[in-house]
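Trainee: Among the features that TrEMBL reports, signal peptide is placed at 1-41. Sequence annotations record features per position, and here TrEMBL assigns domain 'J' to 52-126.
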Amino acid sequence: MAAPGERRGGGRSSGCPRAVKSWWRLAVLLLSVSSLPAVSALVEGLYCGKEVCYDVLGVTREASKSDIARAYRQLARRYHPDRFRPGEPGSEGDTQEFAHNKFLLIATAYETLKDEDTRRDYDYMLDHPEEYYQHYYAYYRRRLAPKVDVRVVVLVTICAISIFQYYSWHSSYNEAINYLMTVPKYRIQATEIAKQQGLLNRTKEKGKNRRSKEEIREQEEEVIRDIIKNKIDIKGGYQKPNLSDILLCQIVLFPYYLTNYVAWYVSWVYRFTICREEYGVEEKLYIIRRYMKLSQTQFDRLEESTKQTFLDKQLWIKENFEVYRKEQEEEMKVKMATDTRMKRYRRWMKNEGPGRLTFIDD
């Protein structure tokens with residue numbers, strides 16, 4: 001006979017595993033039962049709900065598109081809210097609300113089965129009813145997916161941006177031409193060129209062909225405008241718009257530009273790094289522009305005399321450029337120190353300053 005303490009100890013050692021197993025089974029059972037309403041709710045919200053879409057339309061799973069469309073039209077004529085009449089043969093006891101809900105169910109079934117992809121997902125759900133969450137994902141992925149192809153949207157957006165770019169640049173170019181026509185220097189030059197070409201020689205006109213002074217002046221303005229457009233090369237932000245600069249063309253021509261850049265870079269390394277060739281004028285200006293951290297458009301805005309000064313000082317050499325940069329900084333400091341406006345500003349900051357307050361004693 002075992003002692004009481006031993007019997008209790010033995011009871012605990014043999015009873016604990018059984019108790020753990022029973023509690024584990026109970027937890028699994030409760031979890032499964034609690035998940036049933038959620039799963040049922042998911043199935044209820046998909047496609048035709050608890051109804052089978054084929055049964056709603058009265059067709060089989062092997063029915064063709066034409067059979068599905070024919071069945072839908074027959075049922076729609078019968079249950080459409082605008083055509084439904086209570087008490088008709090076959091509709092005894094049906095109400096207007098019943099017909100409305102029935103028509104919505106018929107329309108849902110037709111929308112599900114008329115599309116090949118949606119019908120394929122629905123057939124898969126019927127064959128694999130246990131994959132609840134996968135059906136839920138496939139259903140709402142198709143419902144929430146954009147109806148228009150994303151590629152079409154991107155293409156239309158790029159085209160719209162490109163059109164806006166072109167007309168914006170064209171407007172800026174016209175503004176630049178209008179401004180140059182008011183500058184005496186360019187206007188006089190254009191007038192001289194027009195006279196040399198015989199475009200402004202006024203001939204005496206008689207009879208019906210005689211024009212008024214305003215018409216002659218307008219024609220002269222157009223001639224001067226055309227000469228300024230053709231003779232003056234405007235660079236920078238107001239240059240003449242080019243179709244190759246818009247976004248659409250840049251994207252289309254990107255492989256071409258990339259190929260050219262790779263070929264240029266390989267040629268640069270081969271000529272000036274491996275073969276040790278001397279730089280040409282274009283190469284020197286390119287190196288100077290890179291040292292100054294200017295874009296091609298900003299560099300093109302500089303005067304030709306300024307570019308020639310860069311070449312004369314041999315700024316493509318790193319040491320010469322560093323000396324030039326320090327000289328420019330010193331020159332700027334001297335200019336700011338000798339500027340009368342800067343002196344007044346520093347004097348005001350020292351005596352008054354934005355943070356100083358003057359107190360007046362009573």
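Here the Cβ of each residue, glycine as well, is placed from N, Cα and C on the backbone.
Because TrEMBL annotations are produced automatically, they should be read as predictions rather than curated entries.
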Trainee: In the predicted model, what is the mean pLDDT computed over the domain 'J' (52-126)?
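Mentor: Reported value for the domain 'J' (52-126) is a mean pLDDT of 85.
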Trainee: Per DSSP, what is the residue count of the domain 'J' (52-126) in each of helix, strand and coil?
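Mentor: With helix first, then strand, then coil, the domain 'J' (52-126) has 50 helix, 0 strand, 25 coil.
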